Amino acid sequence: MKNLYLPITIDHIARVEGKGGVEIIIGDDGVKEVKLNIIEGPRFFEAITIGKKLEEALAIYPRICSFCSAAHKLTALEAAEKAVGFVPREEIQALREVLYIGDMIESHALHLYLLVLPDYRGYSSPLKMVNEYKREIEIALKLKNLGTWMMDILGSRAIHQENAVLGGFGKLPEKSVLEKMKAELREALPLAEYTFELFAKLEQYSEVEGPITHLAVKPRGDAYGIYGDYIKASDGEEFPSEKYRDYIKEFVVEHSFAKHSHYKGRPFMVGAISRVINNADLLYGKAKELYEANKDLLKGTNPFANNLAQALEIVYFIERAIDLLDEALAKWPIKPRDEVEIKDGFGVSTTEAPRGILVYALKVENGRVSYADIITPTAFNLAMMEEHVRMMAEKHYNDDPERLKILAEMVVRAYDPCISCSVHVVRL
């Protein structure tokens, strides 16, 4: 007798950035195939910057994404500065990291409260939660607005941050504004701690429990952070950022406009939980206390732990931003910018965007970009994400199809994908 196949299709995954769907094919004896369909068209950001002046290209790259434009701006800037042989002063680097932290706080708060929490409270939209969960929505918006304000102050706008330029910043705010930023961060710390306690109570579905290889940037210095020159894997491997192509292989899959990535021939994960797994020993302050008390919930074997790891990071990055502001203010007044000589060269920057490792590789010749390669966290995560959707489907394929759809979407949302970022073409 011929086997019968039942397709379960999610045409559009709700509450994620970009356009993607899931297709689960179920046969007589279980799940036959799972496809994470990325239907966002390639956007050619690398290709369109070839031949552009370096400064012009640096204004284009943040347009890849409004969710994480600061991450794109600052990673591209570092790659460009490495290419031309320029090293920014410590106080400039500290303020750039504060700008980046604004992106972290905004992105994590939006993801946790507005994209993830509705699933756990039985709502299809955060707007429908307002009456019953007014406090949670208010906290979400306060944290989100704090991150947005930080980016606006240091980047001169909430998205695309044109004030971050080669050599430093176009201008810097008054000292009193940065002092106010410290005060606002201190006021937000209890909200971040509440967020962690809230998400520590949410279920991490055991259906997707299993071994995961985690990759994260190894931070410079002795603090858990965003910038680094090496990539660290949970299998003990470390390699220089410049050798990312030797260890991480991208490949085309038929059902997706975004390529998949493997490390040592296998899917892997990046993101907040990957940072915690690889770099938890560098946490400090209240975040360190929360981590030590909740290690069993911050496991590297479950993608749902990524939600709690993001909540932990909101606590940590608030404290870290205060410390970085203190470092910069100790050297006040600060010259905003140094002159940069545009020389020929090649530079690679790996930073930790909210969703995981972000890679920029830029080659500069005669003041123009001659090569660009950008790999985003979601492009790294797609293969592992698809594997976890399969694991969930294998446990629930006999359930009501609508229930399976919800669980499959929850798996995807746990990764906090930015689908628009994940499609890229290096050469036309």
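Positions of Cβ are set from backbone N, Cα and C atoms, glycine also.
According to DSSP, C68 (Ni(2+) binding site) sits in a coil region rather than a helix or strand. Swiss-Prot lists C65, C68, C418, C421 with the feature Ni(2+) binding site.
Marked as Fe cation binding site by Swiss-Prot: C68, C421. Take the CB of C68 (Ni(2+) binding site) and look out to 10 A: across all protein chains shown you find 26 other CB atoms.
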What count of other C-beta atoms do you get within 10 angstroms of the C-beta of C65 (Ni(2+) binding site), across all chains shown?
25
In terms of DSSP three-state secondary structure, what is the assignment for C418 (Ni(2+) binding site)?
strand
